[in-house]
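Remarks on the structure that follows.
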Amino acid sequence: MLRLSERNMKILFVAALVVGSVFFLLLPGPSAADEKKKGPKVTVKVYFDLRIGDEDIGRVVIGLFGKTVPKTVDNFVALATGEKGFGYKDSKFHRVIKDFMIQGGDFTRGDGTGGKSIYGERFPDENFKLKHYGPGWVSMANAGKDTNGSQFFITTVKTAWLDGKHVVFGKVLEGMDVVRKVESTKTDGRDKPLKDVTIADCGKIEVEKPFAIAKE
């Protein structure tokens, strides 16, 4: 009887292993829908050290999506480093609208009518794969279709009405509180800050391993 009992226990043990393996194999893996929910990958970062008037208010670090919009990202990085002999350093955020966005990047005229890209004065819309999902997304400002230069804006709320019209290429990873300080600065009737909001310094931060962020 003892031998039969041991044999039965072994059979039951093996059966349990088989059933467990089958159950594990039948568990659903990540669906195509789940994969689509994954956000874009950050391949490089750019930092802005901002100043309002004579006060340094902190650093904003922006993650850029070089695999999704490589041409747009290359332009932004080069303007942040100044490697082409011109760029964002000492330029201003010339337009600030609370509960909407802050806009900068016009380093030639400083009033929203200038700026240029590393490809020439303007370059085409790369794609509209990404949307303005919420606060902190960075997108190209333009004057209509295919008129990208150097001007950009950072959202402070979800701005779905801009989807398909402006190329999204980055998101604020650090320093959203600094963006909020700029958003809250006093402006005139044309949305220009009463005190200059300046990019006192800027540059590139390498990313060793690209990582995805949430679309939120």
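Each residue's number is its place along the chain shown, starting with 1.
Placement of Cβ uses the backbone N, Cα and C atoms for every residue, glycine included.
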| remark: Checking 169-172, 177-180, 209-212, 213-216 against Swiss-Prot, the stretch recorded as motif 'Prevents secretion from ER' is 213-216
| said: When you rank Lys165, Cys202, Lys209 by Cα distance to Lys84 (N6-succinyllysine), which of the modified residues ends up on top as the closest? | reply: Cys202
| field | Beyond the flanks of the motif 'Prevents secretion from ER' (213-216) by at least 6 residues, Cβ under 8 Å | value | 37, 39-42, 63, 130-131, 133-134, 171, 173
| note | Residue counts for the motif 'Prevents secretion from ER' (213-216) under DSSP, helix then strand then coil, are 0 helix, 0 strand, 4 coil
| Hey, which of the modified residues Lys84, Lys165, Lys209 is the loneliest by Cβ count within 10 Å? | Lys209
| task | Only counting partners 6 or more residues apart, tell me which same-chain residues put their Cβ under 8 Å from the Cβ of Cys202 (S-nitrosocysteine). | result | Val46, Tyr47, Phe48, Asp49, Ala80, Thr81, Gly87, Tyr88, Lys89
| note | In the domain 'PPIase cyclophilin-type' (47-204), averaged pLDDT is 99
